[in-house]
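Some notes on the structure that comes next.
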């Protein structure tokens, strides 16, 4: 292994630890914010609207923050600002005594995620290109998911022992500060992450073009329909509660198990991507299409199999969908490309979930049919992308 590769791995691990501790912080808060707002007197309609506005901020502003990352050439500044805003907003929830203040902090956390994500992914891509984009993004996602699973479990333990939301949020000041400490270390050791990537004309077998190139637009179509066809866990958990297939405590446990599959699948998808290239992406819509009828089958064993596939799809979306970007756009446009990618991802996730929610009230079979239609279009878009690349 070359010195450049060793340094690239260290940088990926450092950013992975940043994401791990950040996820402990804000995923813990997201697991509690609904009941906490209810305790402060917020209505169900307000909680739902807040969730929607938060996701709109988180995804809708990413194209702008990605553009700024390319224009300003200061990815560390945007990354620091975003992480600081997110992780410091969370422990401040311990001091709130009214829902408007808590709601403002929730929105600040989502805004921070919008600011940092394209810049962070751009820096991560430089290191990942050196060691293999699939493996690099796969390791980052695996570390990220450790925090996403561990944080809510920690909150459950604290609430079980104390019953105090203020204590639970206050404890999150520790992982918040550790997040910033890891970030400071990464910035000190690797002030110019671009140097971790050797300049090549043809990264991983594809010639980068630009964000205006038809190939990148076709890729975004593939992403949009693939994401729109994946059943949102909120709808699935609602269905499981209504159907009585699982007891209430088993539903969050099922989600945690799916997140563990996510972490493992991200590593596997990443390794395959580095060996086989863009062709591995076809697994995402195929797995998603298989998952839809299984999770709504009404049988516990089929539900478990479907959730394993569902977790694998999330792992693929979070790793190889991001890893593919440098092979499609020029190095100088990666920040903008990641911003557009994230914006399309969030919009498709919202529209697909809203459509499935509306269809669910009419027909469960209609939800499955909608998912299969979306994934079928995604497969067609992918085949077109492959023909163009060939």
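The backbone N, Cα and C atoms fix where each Cβ goes, glycine too.
TrEMBL labels come from automatic prediction, so no person has curated them.
Within the set 167-190, 191-214, the record from TrEMBL flags 167-190 under the feature transmembrane segment.
Cβ atoms under 8 Å from those of the transmembrane segment (167-190) belong to residues 7, 10-11, 14-15, 17-18, 21-22, 24-25, 28-29, 32, 36, 76, 79-80, 83-84, 87-88, 90-94, 147, 151, 154-155, 158-159, 196 of the same chain, restricted to positions at least 6 beyond its ends.
Tertiary proximity for the transmembrane segment (366-385) is limited to same-chain residues at least six positions away from its ends with a CB under 8 Å from its CB atoms, namely 215, 218-219, 221-222, 225-226, 228-231, 235, 278, 281-282, 284-286, 288-289, 292-293, 296, 352, 355-356, 359-360. Between the transmembrane segment (337-360) and the transmembrane segment (276-296) there are fewer than 3 Cβ pairs closer than 8 Å, counting only residues 6 or more apart in sequence, so the two stretches are not in contact. Counting same-chain residues at least six beyond the ends of the transmembrane segment (32-57), those with a Cβ under 8 angstroms from any Cβ of the stretch are 93, 96-99, 102-103, 106-107, 109-111, 114, 155, 159, 165, 168-169, 346, 349-350.
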